[in-house]
């Protein structure tokens, strides 16, 4: 699954004020804090707590919020909050929580759970953030499938320092604040609160001489070309997951995923409804009246429809199997052709004369030539009885 929209996570609109964002976060944090949720639902509550914390950290910072509003998750700079800032890591623990609430949870919960998942060396390990990419394709491409290339901006491991963040020939040192633990304990009265170390941001290490290529981040922004296989029958809004092509993890953590979300261009002829297609077919007045064969378009060529004599405007003809075979469908949908009877325009004098003669002959025949008009006239008469 991709990362949820930060505004959706907090339950606020995109125009929410700082106070509204903070209030929404406090409410969610109180509800889902791990110390308040034990038993079967503990893990789900913990994930929601982390998700709300991440959303708040992003939207409470004006610069990060502006970048997120413009580019979404893909545009968030992982170094905006210093070398240890990792948006979307999902395992950052609860550090910073006490900073947002002051003494509230120190009084309520006591010791606070801390730290993210740790690797073999004791360092906190973070999964890279998921990225999203909107890809626009034609209806034909959606129906038949295609292979395409996309170029995306992404963060990759720095070639100079190989992801360490340290200048070549040097190395990171244990953090003197947390002594390499990545977390610190704060005393508040009778309570002890564990939170992410504010000095090393949970890494347990400090880089005395940062790499000049990545400024100590361990990763740099690059353009990456990826092959995307679009399956036949894909629909608007469906996503294709490219595993491991999101942002790289930190401290040996796994990379996130890239989700390619499909947008289908508006077609000049067809409208799609699930696996079915709809189109409007213009028909001359004379053909509708006299009947005859007409040619209609399909995604695989053209087909022929035999119009019966007296075809009315709005009549729908169904061509079975001429729609789209969806990804999870066993059979293709149908094509619905909606007749649009066209009234002739720009008539010559001779044509006008012929139509007037035809009109007079219709009037002499009464309502038998216009069944719809007859029923409408009867309804009007009934209305005024």
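Using the three backbone atoms N, Cα and C, a Cβ is placed for every residue, glycine included.
Given the ranges 3-25, 26-48, the record in Swiss-Prot names 26-48 as region 'Disordered'. If you count C-beta pairs under 8 angstroms between the repeat 'CXXCXGXG motif' (211-218) and each of 158-165, 175-182, 197-204, the highest count goes to 158-165. Residues 83, 171-172, 207, 210-214, 216-220, 248 of the same chain lie 6+ residues outside the repeat 'CXXCXGXG motif' (158-165) yet bring a C-beta within less than 8 angstroms of a C-beta in it. Note: the Zn(2+) 2 site is recorded as 175, 178, 197, 200; in the same chain, 176, 177, 179, 180, 181, 182, 183, 184, 198, 199, 201, 202, 203, 204, 205, 206 also have Cβ atoms within 8 Å of that site's Cβ centroid. Other residues of the chain with a Cβ within 8 Å of the Cβ centroid of 158, 161, 211, 214, the Zn(2+) 1 site, are 159, 160, 162, 163, 164, 165, 166, 210, 212, 213, 215, 216, 217, 218, 219, 220. For residue 158 (Zn(2+) 1 binding site), the nearest neighbour among the listed binding-site residues (175, 178, 197, 200), judged by C-alpha distance, is 200.
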